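For reference, the structure discussed in these notes is given below.
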């Protein structure tokens with residue numbers, strides 16, 4: 001500050017006071033009391049009044065710089081899959097592939113035929129699956145991460161093509177293949193209500209965001225809505241030219257998302273009654289919404305998965321290739337830290353995982369003995385992934401403990417000469 005030559009004598013006095021505030025207070029008051037507590041901040045205020053704004057360091061600037069540094073390290077880490085609370089200032093942050101679920105930790109084999117669909121509950125405490133064997137199962141995830149069967153839901157007369165959690169996770173919907181929709185109580189496992197419409201059958205279903213109604217795509221290409229008691233609220237066809245294979249409503253209840261043509265997805269604004277369209281280059285087989293409702297993951301017949309930003313005018317932001325699809329409906333999902341990864345099933349019996357932003361294929365997970373139809377990533381456990389297969393099993397994927405240990409050993413061996421051990425945060 002002295003080289004600035006601004007009232008040098010006063011700067012010296014204030015600098016001296018910073019080193020020994022009591023000496024300043026003793027000259028100004030005989031009773032320090034509360035004054036002594038505030039003395040430093042008052043002196044700093046005086047200094048700030050003396051100095052030009054261009055040389056004053058903004059308040060909490062160091063804290064801001066440190067946070068920015070951590071965020072840059074996090075965002076540049078392709079395999080990042082840990083919470084921000086696990087980041088450390090003591091070492092540079094770098095995750096390895098072992099932070100992704102890549103090891104089979106449990107096989108669930110209670111279904112007796114192909115497993116077509118599965119989904120974790122929003123609170124991460126349950127997993128639900130549906131099968132060609134005409135049943136659905138609610139699985140409970142115990143405190144130790146092990147999964148056990150809670151209820152087998154019996155009543156459908158045809159294969160169950162989907163099972164979906166209510167917003168509060170207290171109920172599930174099951175959709176029979178061109179049959180009926182059933183609503184089940186999770187605690188008791190009892191069927192609470194059936195939804196059907198004479199002469200036509202549902203082939204997809206979904207929940208109202210408040211859990212007070214359901215929506216369904218029907219075999220006559222219409223979309224129907226019911227309240228929980230089964231009273232029809234609305235039903236319309238529009239310009240649809242195919243069966244509505246997937247349907248969803250955004251969390252604010254404003255947008256209804258559905259396939260309206262072979263290669264077109266409709267984003268229908270229920271408030272303004274206007275429609276925006278996503279036009280693809282090939283037939284759409286399935287789609288899924290991101291948690292923030294800003295992105296749509298679309299699976300195509302040509303073995304490509306595309307990520308669309310649906311805020312404003314829809315636009316493609318990334319593409320994912322490598323998995324196999326020729327005959328069946330293969331479903332993909334978002335997952336991991338801030339949904340930074342894309343996972344998908346595949347007809348070659350493997351699970352594929354890509355980095356969401358770059359589109360880079362990160363890993364392939366072998367283990368199933370049949371096509372992998374659907375995957376679901378736990379919303380509360382970053383390191384838990386589930387996959388459903390034609391081999392009749394569900395595989396639960398977790399961290400590869402052996403590779404984790406090997407990675408730690410390499411980091412210890414490669415540590416700097418100053419004795420600092422560079423560990424992957426979160427281990």
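Glycine too: its Cβ is placed from the backbone N, Cα and C atoms.
Bear in mind that the values here come from a model prediction, so they are computed numbers and not experimental data.
Under the heading compositional bias 'Low complexity', TrEMBL lists 407-418.
Per TrEMBL, the feature region 'Disordered' maps to 407-427.
For the repeat 'WD' (108-149), the number of residues in each DSSP class (helix H, G, I; strand E, B; coil) is 0 helix, 23 strand, 19 coil. Residues or ranges marked as repeat 'WD' by TrEMBL: 108-149 (among others).
In the predicted structure, the repeat 'WD' (153-194) carries a mean pLDDT of 96. Annotated repeat 'WD' per TrEMBL: 153-194 (among others), in sequence order.
The annotation repeat 'WD' is assigned in TrEMBL to 341-364 (among others). With a cut-off of 8 Å between Cβ atoms, the residues of this chain six or more beyond the repeat 'WD' (341-364) that come close are 78-79, 81, 97, 100, 102, 297, 299, 305, 307, 318-328, 330-335, 370-375, 377, 385, 387-389, 391, 395, 397.
Helix, strand and coil residue tallies for the repeat 'WD' (365-407), in that order: 7 helix, 17 strand, 19 coil [DSSP]. Residues annotated as repeat 'WD' in TrEMBL: 365-407 (among others).
Helix, strand and coil residue tallies for the repeat 'WD' (341-364), in that order: 0 helix, 13 strand, 11 coil [DSSP].
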